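Single-structure report; data block below.
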Amino acid sequence: MEPWPDNAFLQGYYEPLTAECTAPDLIIEGEIPKDLNGTFYRNGPNPQFPPQNEYHFFTGDGMVHAFEFNNGKVSHKNRWARTERFKIERKLGGSYFSGMNPLETDPKLLNFVLTDKEGVANTSIIYHGGRLLLLEEGHLPFEMDPDTLESEGAWNYYGKLNTVMTAHPKVDPVTGELVAFCYMATGPFSEDLGYYKIDKDGHLTEYHTFQTPYSAMVHDFVVTENFVIFPILPIAGSMDRAMVGGPPFAWEPEKGAKIGVMPRNGTPEEMQWIECDPCYVFHFANGYEKDGKIIIDACHFDSPPLFPMADGTPTEANIHPRMNRWEITMDGNTPTAITQNYTAPESVSGEFPVIDPRYAMREYEHTWFTSTDRTKPAKIPDSDYVYNAIVHFNVKTNEVDSYAFEHGYVSEPMFVPVEGGAEGEGYVISCVYDDSTNMSDLCVFDAQNIKAGPIGKAKVSHRVPVCFHGTWKPAETYTPAGV
């Protein structure tokens with residue numbers, strides 16, 4: 001195989017692994033709590049071959065890392081998602097699919113690309129309805145065996161789901177219902193979104209489509225007990241632009257921004273739209289209702305990284321977003337006003353927020369996210385979408401508790417509650433890449449004392465490349481306490 005090309009997203013922290021490994025008993029530094037039992041899954045892009053065209057890390061083959069915690073011990077395994085694309089390239093012995101623009105794909109494979117149901121399965125991962133599902137918002141969920149990580153293929157909910165799924169569905173901690181959506185629901189660059197629900201046992205119960213103000217990349221959304229909120233923010237899609245080799249999605253703030261609000265148990269005919277300031281949000285922390293308002297906490301970019309202007313020129317992106325509180329005033333089911341105000345200190349950037357999952361869709365207090373401390377020696381240039389710190393942010397008091405690594409790049413944290421504990425009592429886990437050793441550690445923090453640093457580390461004897469998102473599957477004996 002040829003060396004990886006000189007591309008920032010194929011070097012250092014991003015450099016793909018070329019092997020699948022199994023390590024049954026990782027070396028432990030410090031102490032892993034014995035009441036932390038279950039499996040932590042991470043999913044991210046890991047191309048098996050050097051790309052044939054310009055590479056965008058949104059398009060690498062999915063690879064899952066599974067860390068199993070058992071009575072103070074940790075094991076690790078990693079496996080590629082063996083999608084149809086992966087198997088075709090493995091058979092041909094090289095890269096044959098394009099990056100963001102399918103028209104750059106080898107012409108012999110273009111028809112396959114346009115009908116493929118599996119994609120690269122590289123963005124997120126959930127465990128719901130007894131299935132481990134890899135999510136990548138352009139295709140169906142992709143199933144893996146939760147124990148062996150053996151690939152099972154596309155999952156269409158017993159033949160009832162004929163479209164794609166967001167990388168960020170929401171699970172109601174009380175009912176177990178999964179609420180999901182998809183953009184471009186009726187074809188490439190369409191203005192239609194799909195909205196659907198899946199019960200706790202994994203059965204699709206309803207599906208709707210509706211038209212939005214324009215074709216946009218909608219990476220995340222918000223669900224409360226009684227409402228669903230769809231942000232149409234101006235990373236806009238254009239078939240015409242893509243057909244002539246331009247960016248399929250681009251930052252177009254002149255299109256404006258609108259927020260759609262719909263009753264959770266309603267229909268698209270009840271959708272109401274309200275304008276907001278142009279911005280972009282890849283990830284929301286949580287949303288809930290209180291005193292006639294919908295309260296939303298968002299990792300807010302004034303303009304986004306990773307996407308150019310419509311003419312292909314780079315955006316003047318602030319790649320260090322801040323926690324921003326949106327308050328939507330409601331008159332019954334109708335939004336009448338919206339405010340957007342930063343809540344975290346200006347010095348505290350934040351992305352990849354997580355919460356205590358027992359408080360999803362409900363009033364809450366704690367969130368944890370990745371951040372950047374530029375006083376540390378880790379090489380984090382302005383152009384890199386990477387972070388070296390973990391922050392605990394109290395959304396009620398705006399207090400900050402953080403820890404920064406000297407040479408570490410942190411991944412999205414995962415909060416794991418202690419059984420029967422109050423909100424925020426538990427552990428925070430993050431996979432941390434050390435740029436001084438080119439290896440990774442799985443770090444465990446006391447969720448209420450992040451500044452003390454990791455209480456335990458599981459030492460991985462190789463690099464764990466950048467992953468986007470993860471999930472936690474408790475050991476079978478764990479029974480989560482309700483809100």
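Here, residue 1 is simply the first one shown, and the rest follow in order.
Cβ from N, Cα, C; glycine included.
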**Prompt:** Where TrEMBL shows H168, H219, H283 binding Fe cation, which of H462, H469 is named for the same site?
**Reply:** H469
**Item:** Sorted by sequence, non-H168, H219, H283, H469 residues with Cβ within 8 Å of centre, Fe cation
**Value:** T123, S124, T166, A167, D220, F282, F468
**Prompt:** If you draw a 10 Å sphere on the Cβ of H168 (Fe cation binding site), how many other Cβ atoms land inside?
**Reply:** 22
**Fill in**
For the binding-site residues listed (H283, H469), most other Cβ atoms within 10 Å of the Cβ sits at H469
**Prompt:** For H219 (Fe cation binding site), which residues in the same chain are close in space, meaning a Cβ under 8 Å from its Cβ, but six or more apart along the sequence?
**Reply:** E137, T166, A167, H168, V281, F282, H283
